[in-house]
């Protein structure tokens, strides 16, 4: 009697998998049945299925046992059962890499490949190419050429796809089959034409001219396969992105013409390609949007989903271009497919007017509980974007988000909501109290440690600045009583910030910290003891240094420096200035609502600058330069499409700059050796040493370094322009083999000029409490001057220009200029080369142009002078 499974069993998978408890040893024992005569096709099929199942589940087969099973399986070629033979082909492909002497089946596969049974020929080709290596390929070359142009479409497709895989083993041999591939590309069969185009592109993709010619040929002659058209559109859009012609190119005209194709998949591919092209204007997007608008009313759910998802992407950059589709999108709100309805609403949230927000929020609340967490995150992202667009609607959004926060959901969903509320609080000061209240309510019953610590950190930063900070103390101390160690430690830090900034609350906070000093966890006790003693001193300087600002160094770098210090005992105390600064301030990281893996990294990963520090320290000439202060973003020194690609990264040390030149040779008939970049400075900078890249083979990047000493006599000379010339020895080589000539000749290539500016000497560091930091530094080295920015037309432009020029970190969200204001104060903080803290207060007034009063405070006189001289 067959057991009947109910629906729950079916969903959970109970009883639905007959191979669930297979054991490898038992299956290999069964494989001996292959040697029996006569062959039992039905039983052998079942055993082969078990072997394939185990292989695909990741079961490890030893070489000996795999080879034994493989040899037993080869006897099955004696059977004429079609299903068994095709299962043998599949098993050969799966066991090719784990068995020895698999080439024993070559003759059997070649026989099937050239036989009269069409049903065997295609699978035999695929299996044969799986076991063939570069030395055997020429032996089957004649058969492969014949198979590519075979009249049977399954045989031709198998040969084309196998050829594509064989290019990884022997590109040069497969390239000789290009004429056959071109013949196959004119086939009437849609799959053969698609696979032929794929092979042709793969053989020519490194030759831009050849790809362009291929595109021209097929765009003029036309194609019968919609799949091939889709591939052609993708190739064209890739070329278009690299081209300087942009949207005036014939390639763009071709993609646009595909919007009128009779196949829906081609129309969608063309629309998607246009939308994803960089720098597209609303006018150029219009035809693609019109097509997607038609798809919104399609009876096919897949088309409706594709259309609304793509329109959702367009709405992020060009909301006005999608406004014409609003009526169609509103019709999709009631779509039976919840994914389509969600995307329709989130698109409308991006394109709708301020007056439609309330209605849309009401509609989405009716079914938000029914959709998956993934789509709930999409809704939250749309709300976040809407808050930035219509700040006055923050109360509606906040209420909606708080309701979502109470619903059940996973970590990613909850994190997206928390991040969205935090971004609303940061963008709209009016929403701060209601936002903090919702977050306080959430942490009362929050199972995610990461979110609880994040919210406590926010409460410590923003809570003390609210009109009634005392109301948050209860929520924070509850965490100390009820939560795990990590959350308790975060709560202690938050309490300390309230005590440091609010004199009336200090006695209460000290009492609470004393209670925390009895905690069972070391970290919590240590924090409580440390903060209690700092707060007891009642000194602003101590509060600023140890409670407000915290560490500004790279934690990974500090760990390494401390380890090094313990290995080499010294009487000198450990100097924090030897530790590289953190390149990304901890509090500056922008809220990212894109889903990421919930698993947190177990080990601390070194950041970009820590990696550069290790790389440079390994070069003897740079070993004694001191700690790496800052590494710039890459600067491109050559145009795209030139013979050589060169970009530069500036590594700034206390008294030197190391210029790292990443060089790539794009000529396949040249090998470059002894590559250096000669630099001629315009100021008092001195070039000390060159470290050449030993060789640059075709398309393999190499690194050359130039070491420059900063001027000692004039510390304000921070800006300099270098003329750069790449010098090298050229050895011509054969493009096919890459073998170079014995002798070479010297040559050079002029690069773009390279500038060192003030921002290269300053590292961004965020000061969470700018006022306290300003008072702590004091006015010993304070400088002040007033400037007129006559060409600047708005306060926003002035703020952006100042931040970019100085390379400093905006504090107190002062980079955001309030609407309809004629004056503004910009607060900036950073660390000047050598480890000196520097703060800038810039008062801006808008009249005829912008008047700017700059006040600089620093721990040393040099940074203050440098900034005012550079600005002037």
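Just so you know, glycine gets a Cβ as well, placed from its N, Cα and C.
Pulled from Swiss-Prot:
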- 64-101: repeat 'HEAT 1' (REPEAT)
- 283-320: repeat 'HEAT 2' (REPEAT)
- 321-355: repeat 'HEAT 3' (REPEAT)
- 356-392: repeat 'HEAT 4' (REPEAT)
- 395-430: repeat 'HEAT 5' (REPEAT)
- 467-504: repeat 'HEAT 6' (REPEAT)
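Long-range contacts of the repeat 'HEAT 5' (395-430) within the same chain, counting only residues at least 6 positions beyond its ends with a Cβ under 8 Å from a Cβ of the stretch, are 357-358, 361, 365, 368-369, 373-374, 376-377, 380-381, 383-384, 386-388, 436, 438-439, 441-442, 446, 448, 450-451, 454-455, 458, 462, 591-593, 595-596, 598, 813, 816. When Cβ-Cβ distances below 8 Å are used as the criterion, the repeat 'HEAT 1' (64-101) is approached by residues 28, 31-32, 34-35, 39, 41, 44-45, 48-49, 51-52, 55-56, 108-109, 112, 119-120, 123-124, 126-127, 130-131 of the same chain, each at least six residues removed from its ends.
Outside the repeat 'HEAT 6' (467-504) by six or more residues, the chain places 433, 436, 440, 443-444, 449, 452-453, 456-457, 459-461, 510, 512-513, 515-516, 519, 521, 523-524, 527-528, 531, 534-535, 543, 547-548, 769 with a CB less than 8 A from a CB of the stretch. For the repeat 'HEAT 4' (356-392), the model gives a mean pLDDT of 78.
Sorting each residue of the repeat 'HEAT 6' (467-504) by its DSSP state yields 33 helix, 0 strand, 5 coil.
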